[in-house]
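Undergrad: Quick one: this structure, given as structure tokens, is what I'll be asking you about.
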Amino acid sequence: MTAVSPEQAMADLKLNGATTSPKQNGATGPHVTSGDLENGNSDDDEADDGEEGQVGADEGAAKKKKKRKPRKKKKAGAAAGAVKGQTSPPTVKVSDLFPNNTYPVGQEVEYKGENAYRTTSEEKRHLDRMNSDFLSDYRQAAEVHRQVRAHAHKAIKPGMTLTEICEMIENGTRNLTGHMGLEEGDNIIAGVAFPTGVNLDHCAAHYSPNAGNKMVLKEEHVMKVDFGVHVNGRIVDSAWTVAFQPQYDNLLAAVKDATNTGVDLAGIDARFSEIGEGIQEAMESYEVELNGQTYPVKSIRNLNGHTIGQYSIHGGSAGKSVPIVKGGSNEKMEEGEVYAIETFGSTGKGVVRDDMETSHYAKVDNAPKAALRVNSAKTLLRSIDKNFGTLPFCRRYLDRLGHEKYLLGLNNLVQAGIVQAYPPVVDIKGSYTAQLEHTILLRTNCKEVISRGDDY
């Protein structure tokens with residue numbers, strides 16, 4: 001999910017750990033012969049001429065003997081309840097695919113320069129091992145994200161409505177985490193971290209269809225797909241861009257190069273100004289030819305990457321922003337922080353503004369207490385606290401929980417400063433925008449690109 005700057009108010013690498021499900025152990029059935037051994041008795045004292053009769057008798061007995069059908073061998077992994085692998089669409093909980101809670105590791109990158117010692121420091125390794133629960137939650141969420149988006153890559157086609165795309169991704173996330181979010185407090189344990197963004201063309205971020213939306217994905221569209229998964233509030237935020245026509249290839253290549261540059265530059269003690277400058281240089285080395293006209297790809301200067309806190313997509317009040325243009329602050333990244341490194345490229349002005357109908361909302365962390373005079377606002381706030389906490393939500397999620405006629409109450413919560421609205425942000429009409437995003441963990445002894453997959 002995107003952080004908007006105060007002005008407006010990641011080479012594909014494979015995972016170090018295998019992303020396929022582990023082999024299931026199953027006992028193979030005992031080997032069974034097709035017939036019993038024949039009992040042929042021979043006596044050395046018998047006369048030779050008696051042997052022919054015995055042979056004939058044996059042959060006759062063999063003909064009368066009924067042939068036994070061989071038993072079918074049990075297949076490996078056929079034990080009752082064994083999980084063979086993920087379904088399509090994905091419905092099997094990731095925790096069932098990895099029953100020992102050892103999930104695939106993201107891309108681990110050693111620190112360089114002054115922090116190179118961290119890789120071999122026994123003290124740092126010990127501190128890292130102490131974060132086993134933190135890493136397990138993050139890796140589980142990341143594996144859910146990889147498996148859901150792997151299906152989305154295959155399933156998303158022109159002609160689908162944006163609502164169908166969102167529900168496919170969100171239901172996949174709920175199924176794979178095992179938390180459908182319909183029982184009170186269930187979504188706070190694990191599940192959808194924020195509304196799925198399906199942002200078309202000049203719309204860069206924060207667009208998710210509300211009830212009744214019938215917008216359809218077309219072949220000529222460029223769609224940014226941004227969704228999050230969380231386990232115990234550990235949020236994996238990752239996004240990619242879908243385009244069906246080759247004329248947009250350079251636009252997609254620009255954000256891929258820029259994001260990977262940002263991921264490479266990020267690390268403990270890395271300065272935001274240097275990261276932003278590197279991202280912009282990579283991004284703006286590309287141009288796109290559309291309908292015979294050439295457009296430079298520009299970094300959208302008032303959109304940023306951001307820190308991620310537990311249950312806080314933008315890191316809360318102490319959150320930091322990662323610029324995607326030069327001129328940022330000299331503030332440094334620190335050990336233990338989690339970042340969403342995301343870049344946006346545009347064929348337009350490279351600046352976005354609020355526009356269109358709002359769908360994204362989130363309760364403000366440490367929100368001020370306010371006297372709510374609208375009864376529906378009080379009821380809605382209790383539901384938000386119990387079902388989302390400070391995790392972002394959208395109007396479709398409120399509909400799903402059975403809320404009706406809540407818009408007056410929702411607007412009252414926004415006006416009171418208890419809930420923040422995140423309207424869609426757009427560049428100029430006729431332009432095209434693209435996005436790529438990864439979540440990284442600045443561990444004590446290495447940097448882990450937790451959302452890295454075979455796709456991007």
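Heads up, the Cβ atoms here are built off N, Cα and C, so glycines get one too.
Sequence annotations record features per position, and here TrEMBL assigns substrate binding site to HIS206, HIS314. Under the heading divalent metal cation 1 binding site, TrEMBL lists ASP226, ASP237, GLU437. Residues annotated as divalent metal cation 2 binding site in TrEMBL: ASP237, HIS306, GLU342, GLU437. TrEMBL lists 17-27 with the feature compositional bias 'Polar residues'. The feature compositional bias 'Acidic residues' is assigned by TrEMBL to 41-52. Among the features that TrEMBL reports, compositional bias 'Basic residues' is placed at 63-76. Taken from TrEMBL, the feature domain 'Peptidase M24' covers 138-350. Annotation source TrEMBL lists region 'Disordered' at 1-99.
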Undergrad: With an 8 Å cut-off on Cβ distance to the ASP237, HIS306, GLU342, GLU437 Cβ center, who else from the chain surrounds the divalent metal cation 2 site?
TA: MET1, THR2, ALA3, ASP226, SER238, ALA239, GLY305, ILE308, TYR339, ALA340, ILE341, HIS438, THR439
Undergrad: Same-chain residues six or more away whose CB lies under 8 A from the CB of HIS314 (substrate binding site)?
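TA: In sequence order, the residues whose Cβ lies under 8 Å from that of HIS314 (substrate binding site) (at least 6 apart) are MET1, ALA3, HIS306, THR307, ILE308.
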Undergrad: Given the binding-site residues ASP226, ASP237, GLU342, GLU437, tell me which ones have a C-alpha lying within 10 Å of the C-alpha of HIS206 (substrate binding site).
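TA: For HIS206 (substrate binding site), the binding-site residues whose Cα atoms are within 10 Å come to ASP226.
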Undergrad: Please give the average pLDDT for the domain 'Peptidase M24' (138-350) in this predicted model.
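TA: For the domain 'Peptidase M24' (138-350), the model's average pLDDT rounds to 97.
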Undergrad: Please work out the number of neighbouring Cβ atoms within 10 Å of the Cβ of GLU342 (divalent metal cation 2 binding site), leaving out its own Cβ.
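TA: Summing over all protein chains shown, GLU342 (divalent metal cation 2 binding site) has 31 other Cβ atoms within 10 Å.
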Undergrad: List the Cα distance (Å, whole number) between ASP226 (divalent metal cation 1 binding site) and GLU342 (divalent metal cation 2 binding site).
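TA: Rounded to the nearest whole number, the Cα-Cα distance is 10 Å.
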Undergrad: Return only the integer: C-alpha distance in Å from GLU342 (divalent metal cation 2 binding site) to GLU437 (divalent metal cation 1 binding site).
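TA: Here the two Cα atoms are 4 Å apart.
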Undergrad: 10 Å Cβ neighbour count around HIS306 (divalent metal cation 2 binding site)?
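TA: The answer is 24 other Cβ atoms.
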